[in-house]
Amino acid sequence: MAFLKARLAALLSVAVSCSAVLYDDAKKLPSTSYDYIVVGGGTAGSVLANRLTEDAKTQVLVLEGGPSGQGVLELEIPFYNLYGPHDPLWNWNISVLPQDTAADRVLVYPAGRVLGGTSMINGMYYSRGPSSDWDRMAAITGDSGWSWDKIYPYFIKSEVLTPSVGGRNTTGELDPSIHGKQGIVATSSPNWSYETDPLIISALNELGGPYSPILDFNNGSPLGVAWFQYTMRNGSREDAATSYFADKFLGRSNLHVLVNATVDRVVQSKSGGPVNGVEYHLSNGTGSTLHATANKEVIVSAGTFGTPHLLLNSGIGDNSTLASYNVTPIAHVPDVGKNLTDYSTVILTWSVNSTTTLYDLITKNETFANDSLAQWTASHTGPFSNGVSNHMFNLRLNETDPEVQQMLKQYGDPSSSDKAPHITLQFVEGGLGSGNSISMENFVVTPLSRGSVTLNTTDPSGPPVVDAGILTSPFDVFVLEQGILAARKFLSASAWDNYIIAPASGLDAGIPVDGSVNTTALESYIRTQATAGWRETGTAKMSPKGARWGVVDPDFRVKNVQGLRVVDASVFPEIPSLHTQIPIYAIAERAADLIKGSH
């Protein structure tokens, strides 16, 4: 779609500001020694860099593997997250091994390769998760500081609620009393009304029960259907780069950010000593190894794939496995790279009696798309000022159903409580095929399937070997099947009688228009169409201090290693059940306080 591929010149170079703290040349750095080195300037690393440099005497170096995305149109337009995530300019595009449980397909994970990390290319969802998710994390780690009551102030600290643009009346779409007013990351209600919004509201009022509307899913009790909230400011994407790395913070003389700098190893100055430095190279340079020293700590925030890859290459992992890679072990931490956890999702599409579904208009009507882009460029309003969905459905399995009861008896209930969802549906106006349609993205948000991240035996320093483990648990397939039935139930409301035509080809075999269910066809559809949910976590999971399992203690310190912490999505012992962006911001905020308090 050429009309959406507008870019500013010199995308891969960085215009160094007059403050001289954003660099693309290591030779221009003022020093090779800092108090803290943060590996990765993404969703978590940005928070750490910002908060640690609030003390003007603390010197911080951030090493980011990607370029700066400042001023790049495709990273600013909210609606563009439908198109931009796979662009290799901004994305590591992590390929996984063929998944024999998903028709032997090779799936691709987006991972932000840009200052600001995956917050630059994600769906911008503002979701804190159920309170019980956080209470479970506190119980698993033995640290009450991870409970909902203790983490809640960090949500408020990081957020600033802002008005929607374009004059939309957002009354009743959220509860302002539970949102931050003076934080760093801007949030808002949707900026655009879809033609299906009134139909959704009518259907909710008709069906009730699990489809009952709720005011705000960020109060810790998210079950029901609510308006989405987004990390957006004045009609533009709000991300880690525009918030925690805003110009006023990059202007600090003690914050030094080097882009296009990939860290190869964390290192010790002597065997058995603390980690006190890194080796890295510049992607836009000669590839020669460069060095930087941390006087206090090295903090790894390289993400769910990058963090275990870096730890393993540094000799932190299972000793025998490391030896097979010809990597010299420095710490025996066997769980590094294990426990890869992600939602699985399948997109459900129905043809509709309409010619104006938004996504279809944008992708099939170039005049409309160009006009929408022009409107956004002029005023940051219009359809491009919004995310792709206005409503989120958070549902539990129907525990009065004997089949559900049997599955829960066999596999246990992986949700954190009876107030947390198993299923999330996201309504999208548009979809697959040549005609007009609506879609519902169907996620299992309490997956039992697990994967792994390891090194390539022939090239350990090359891209990681990722086995997503998608749909390895029959429970996950069952939950996706139940999600399909829940979506069909919602679309059976009379509000849709003159709008919905039929399920799309493939889906129609599992849920024919006669109302029957073909479970064999449904499973086949899921295994051939399901993909990763792009909320991957868990590969450096947190466990109680002193535990022999896990990778980091509750204060993020890597087990059996001094001077090294991990702060990013990889530390979650269980995947948050409502997106991951905001939980990552929250844990990084607390990590910054813990780090400050330890020195």
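Just so it is clear, glycine is given a Cβ too, placed from its N, Cα and C backbone atoms.
Of the listed candidates (A56, A569), Swiss-Prot assigns A569 to the same FAD site as T43, A44, E64, G65, N122, G123, M124, Y125, T580, Q581. When N219, N518 are compared with the annotations in Swiss-Prot, the one labelled N-linked glycosylation site turns out to be N518.
Across the structure, A569 (FAD binding site) and N518 (N-linked glycosylation site) are spaced 37 Å apart at their Cα atoms. Annotated pair N319 (N-linked glycosylation site) and M124 (FAD binding site), C-alpha to C-alpha distance, rounded: 39 Å. Cα of N93 (N-linked glycosylation site) to Cα of E64 (FAD binding site): a distance of 16 Å. Nearest Cα neighbour of Q581 (FAD binding site) among the listed glycosylation sites (N260, N365, N398, N456): N260.
Residues T43, A44, E64, G65, N122, G123, M124, Y125, A569, T580, Q581 are the ones the record ties to FAD, and the longest Cα gap between any two of them is 24 Å. The glycosylation sites N169, N284, N339, N365 include none with a CA atom within 10 A of the CA of E64 (FAD binding site).
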